[in-house]
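Peer 1: What TrEMBL lists as active site, charge relay system is 136, 266, 295. Under the heading domain 'AB hydrolase-1', TrEMBL lists 56-301.
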């Protein structure tokens, strides 16, 4: 079944320009604007070039302020395309060159937009296997969806994968606030928030129980989440938000096969916070921990540019196995439900 092209075209010059960049860099991407139930919108960037009409689909959720043009997202999409797997990148509200249509943005615990995206993809391609991959914060969004929407997830996704996910948000923030390199990464991530705010504030939709003055004082991710995210989404405080976003104690609720890739030296998530024991109790969750890899790094060789990144290779091997030789395993898992 052929996918419907662009349910709604990009509505302004900035969105059209970004859409052109995607097509220009990949020569094969198609942008679809999805209107959400509350009046918001997100961009879905499809890479289907050269894939059969019945090829499986992998939904990709980027990291904190990432989008379809982030290097690691392009790496995953192109690796999948070489294996004839279709991908669609879910750009969060206000990202991917899109403007805000409502005051609502996104966070690591909220999966309502993902639920709409998954249902939409399934409605366009009934009978086609669909899986999902979340990177960094995207892994938290996906993990919370799988744990909280267990029945819906079982019906819509055949498998999942998360990469460099900060399982325990409290431990992640503690680690990011350690000097010197971790704190520098923290400041860099916080600057990404400011870039996001500056991009979307022109829409006059960015409003809530906070002040711009307070936001501009933030120097760390935790301070930003305390001043903006927790207040914007109605949490009691930042600790309440982090408790809701964390997934290290939710693995027992996940009943979709999921492969998790983490690095022992990830500054965003210390090794001791990776929920190995919790995963061992689940027949659906498997965790791969590499000695090195940092946060979404996983480079190999003396000249990494000459090698496919390890996470991209594992990504394609995993999903190729799931969609082909893994079909019998999926059938057995379905019987047990």
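Each residue, glycine too, has its Cβ placed from N, Cα and C.
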Peer 1: Suppose you look only at the domain 'AB hydrolase-1' (56-301); what would the mean pLDDT be?
Peer 2: 96
Peer 1: Please give me the CB contact count at 10 A for residue 266 (active site, charge relay system), counting all chains in the structure.
Peer 2: 25
Peer 1: In whole Å, how far does the CA atom of residue 266 (active site, charge relay system) lie from that of residue 295 (active site, charge relay system)?
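Peer 2: Cα-Cα, rounded: 5 Å.
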Peer 1: For residue 295 (active site, charge relay system), what residues in its own chain, 6 or more apart in sequence, show a Cβ-Cβ distance under 8 Å?
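Peer 2: Listed in sequence order: 136, 164, 185, 263, 266, 267, 268.
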